[in-house]
Amino acid sequence: MTALTESSTSKFVKINEKGFSDFNIHYNEAGNGETVIMLHGGGPGAGGWSNYYRNVGPFVDAGYRVILKDSPGFNKSDAVVMDEQRGLVNARAVKGLMDALGIDRAHLVGNSMGGATALNFAIEYPERIGKLILMGPGGPGPSMFAPMPMEGIKLLFKLYAEPSYENLKQMIQVFLYDQSLITEELLQGRWEAIQRQPEHLKNFLISAQKAPLSTWDVTARLGEIKAKTFITWGRDDRFVPLDHGLKLLWNIDDARLHVFSKCGHWAQWEHADEFNRLAIDFLRQA
């Protein structure tokens, strides 16, 4: 497997797109071939590398150019307050990144908030997307079976409002199914990321007041997505309900759904080997 590090793949680019003027986006890049852009979730301290470090090497070895993008207002990208729903604004930033790097089309891989971003991108810029891979994405609106917001989302907002190591630990315990995977190294790395950019936390809460989670619902437009779509879900996801996967499957024309048992909200990390195999096989298919 290709040996990669965060520091050796770290890059910045300025984007200019609606709502972004000379805005610094941080990303990690490795490999050659068709471009795969991986989009992280929306928890405090999230970033491209921490979300996808178990996936980037196998995708590079499979012959892809992989970009792990830090969304606006996360990790090393510039701070921002958003007046519109975050998935749509983030989708514009993805387009801005692609324009700045001269990328005509890319496959998108999105987890949680990153999945909402990918859905919005597929709707707004269909000519710029190859295939779509989603892991427990936000954006499908109300649930038929689970009260919303779910337990994990409540803990996520609690951590944003009251950042502490204990609140982080509580969120991660709900985040993952297998509690043995929760190490001090994992928690400390995420905690350090949270502390590096306190402005990001404040801005997220302000943005959530301007455009609450209810505005993220793109159900009415899912039928516009023509990209081949691979949806994955953790059976034990306590952040985004499993029935959202069925809603996506029913509404996206060319979609398939895979459910991981004994899996929480982070399928690409908790079941990395199986996820990598399934996702790469999907990309390779005609």
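Don't overthink the numbers, they just go from 1 along the chain as shown.
Using N, Cα and C of the backbone, Cβ positions are placed for all residues, glycine too.
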*Considering the substrate binding residues Gly42, Gly43, Asn111, Ser180, Arg190, Trp266 given in Swiss-Prot, which of Asn51, Asn120 is annotated for that site as well?*
Asn51
_Using the alpha carbons only, what distance in Å do you get between Ser180 (substrate binding site) and His265 (active site, proton acceptor) once rounded?_
15
*What's the CA-CA gap between Asn111 (substrate binding site) and His265 (active site, proton acceptor) in angstrom, rounded?*
8
*Between Trp266 (substrate binding site) and Ser112 (site 'Transition state stabilizer'), how far is it from one CA atom to the other, in Å?*
9
